[in-house]
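**Student:** My questions all concern the structure below.
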């Protein structure tokens with residue numbers, strides 16, 4: 001051990017130094033509990049490089065020499081008091097907070113004193129500048145006055161000096177001006193900083209950032225756009241007129257519809273809404289700005305404020321095609337539109353098949369036409385003719401009328417072996433009402449019983465005089481099956497078209513007439529239209545009736561899609577919003593907004609018309625209440641709009657005073673679930689014309705046991721419905737009077753009944769027949785003969801001129817002088 005102590009040491013021995021200052025803190029809790037916690041303050045360890053000596057401790061800096069005039073803010077803070085030895089952490093925190101608050105208050109007081117001193121200095125400088133400016137202005141005024149006096153003296157000098165040519169120059173004084181820009185101080189005055197209070201508020205308003213310091217107006221309320229406009233307008237008025245006089249009132253042309261709100265009217269007039277409300281209050285009308293007023297009240301307000309009114313009605317929203325007339329120089333020739341009309345089964349469709357080289361009649365139910373067909377045929381001369389094939393059945397009167405209204409020429413087909421029939425006469429009336437020329441085509445001339453001359457003579461009864469009888473109506477004998485006379489017919493059609501000079505403008509937005517409309521299962525609503533003017537293109541926006549849409553596809557009569565269709569061309573249009581009515585006008589408009597606007601207006605008008613109550617009287621109401629008319633409810637669904645119209649018209653024609661048809665719903669397209677539900681709730685049958693129910697509707701039909709009636713020929717439908725309605729009424733009762741008698745005496749018969757002694761005046765009276773007892777030609781009772789006796793013997797009948805006694809069933813109201821009428825009742829099957 002001693003050897004170890006004697007060895008020289010090259011390194012210091014390892015040991016622990018005290019690197020922290022330790023202490024204790026006493027914690028006090030509730031209920032007298034305390035706790036002592038050891039607290040250590042760790043000192044930062046300094047690492048030295050090998051061979052480097054630690055830096056000596058910094059000596060306290062010597063106190064600087066006092067400045068000659070130290071600023072108050074440059075004073076050194078007072079030395080901090082040393083912390084007490086036995087100070088707790090809570091006391092230390094409180095002491096530090098108190099010292100920080102005192103320091104903050106002291107700094108704030110120093111800043112306030114600096115601001116006061118700066119503001120005082122600025123005020124002194126401003127006062128000094130104002131005095132200098134005032135002095136400079138006074139000197140300038142004195143100089144101007146001296147110059148004016150010198151100029152006046154020069155003018156008043158004697159003229160002799162002027163003759164000598166030696167005019168003495170006016171002495172001019174140059175007074176130095178103190179400030180070359182006297183208005184500069186005013187500019188500085190405008191840029192003066194806010195007052196002391198404002199600066200103080202800004203300083204205390206929140207944290208000061210660099211952006212806030214650069215943008216002094218940050219946070220202030222910005223001037224509104226209206227206020228800025230008013231300020232600029234005022235400045236412009238002051239510059240222009242030099243006065244703040246009110247400007248002249250501007251008179252406006254105010255467009256006023258049938259109903260308008262007060263606020264909207266104020267905007268259009270350029271007035272304040274409150275002024276209009278005050279004026280209405282003066283007129284004893286308590287309204288608000290958002291309240292609607294009528295056109296007459298708006299007119300009073302517009303005139304009161306000195307404006308001009310322009311009245312417009314809601315009808316102006318609708319399209320008025322009559323007002324849009326094309327200039328004469330824009331019109332170009334167009335193909336004629338020819339409608340083939342005549343009685344059913346006179347060969348109209350067969351004639352069109354012969355012209356087109358097709359066979360349409362084979363595909364038609366019952367061999368009759370029930371839709372309007374539209375086709376275009378090329379002639380030998382290179383022209384085109386558009387044909388419309390109309391139904392000849394009586395139920396399709398509206399279709400024939402539509403065909404006559406859109407056509408240029410009517411070809412009246414009359415069968416040479418049948419003659420002039422009811423629908424032939426109706427077609428003549430439609431043609432005359434439409435005011436279009438007519439060509440008579442006498443068909444079936446190949447039959448041996450054909451008599452064309454008889455047809456011409458029969459047409460004279462209806463004021464149709466053909467050319468062979470020295471008239472002006474062209475006629476031609478044809479045979480559709482043998483295809484004879486067809487070329488002559490086409491020549492006559494072209495000749496008539498040349499006389500009419502048919503023209504239309506192709507380079508404009510299209511207008512067309514709906515010939516037929518239907519709801520196709522795969523293509524949706526489809527309308528067959530005839531272009532009257534313009535060109536219909538794919539993508540055009542249009543409105544038709546109460547529906548609007550966009551042309552999705554244009555299909556010609558051969559089933560091919562085309563890009564556009566010109567005047568007199570029949571096409572199918574896809575892309576409608578709904579099924580339009582046949583005969584509606586299709587008009588192409590600028591955009592979808594315009595189309596929707598017109599369609600909505602028309603829908604509102606249609607709803608008003610549908611829901612409007614018809615004018616009635618008390619007599620009509622009481623008659624309806626007392627009448628025992630039976631209603632036969634029914635739903636009608638068909639493939640096209642024209643068939644729906646024809647079926648509804650035919651059903652109403654079947655109705656009479658005892659029973660009438662009530663059509664609950666009539667529409668186009670397949671039978672749907674809603675149709676079946678409505679029929680089940682109303683206990684009504686569904687008539688399907690060339691349509692069938694879908695899968696879900698068939699399930700509902702089976703579940704609710706709804707009666708379905710399917711037809712494809714219209715006269716089969718009307719016959720069946722007539723039988724159904726007759727069955728609802730029951731058999732028809734036919735009364736036959738067999739005898740009459742007069743009551744001579746009345747006797748008692750048993751305890752309750754009365755017997756009447758009769759004298760038979762006419763016919764015979766039989767036991768068990770129906771009888772009517774009348775008194776003064778008024779029926780007292782209608783009953784039957786319960787008992788018939790003659791001289792106390794029961795008999796079956798009593799003939800005229802004999803006396804008898806009768807007992808009537810369920811009546812004792814018999815008096816001498818009454819009359820008895822005996823009759824038989826026969827029940828027959830009722831027909832409508």
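Cβ from N, Cα, C; glycine included.
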**Student:** Among the residue ranges 381-384, 385-388, 389-392, 393-396, I'd like the one that Swiss-Prot describes as region 'G3'.
**Tutor:** 389-392
**Student:** Out of 326-333, 334-341, 342-349, which range is noted as region 'G1' by Swiss-Prot?
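**Tutor:** Region 'G1', as annotated by Swiss-Prot, spans 342-349.
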**Student:** From the ranges 443-446, 447-450, 451-454, 455-458, pick the one that Swiss-Prot records as region 'G4'.
**Tutor:** 443-446
**Student:** Take the Cβ of residue 445 (GTP binding site) and count every other Cβ within 10 Å, whichever protein chain it belongs to.
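**Tutor:** Around the Cβ of residue 445 (GTP binding site), 21 other Cβ atoms lie within 10 Å.
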**Student:** State the non-local partners of the region 'G4' (443-446) in its own chain: residues 6+ outside its ends, Cβ under 8 Å from one of its Cβ atoms.
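**Tutor:** Residues 346-347, 350-351, 413-418, 452, 477-482, 484-485.
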**Student:** Going by DSSP, is residue 342 (GTP binding site) sitting in a helix, a strand, or coil?
**Tutor:** strand
**Student:** Would you count the other C-beta atoms found within 10 angstroms of the C-beta of residue 348 (GTP binding site) for me?
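**Tutor:** So the Cβ neighbour count for residue 348 (GTP binding site) comes to 30.
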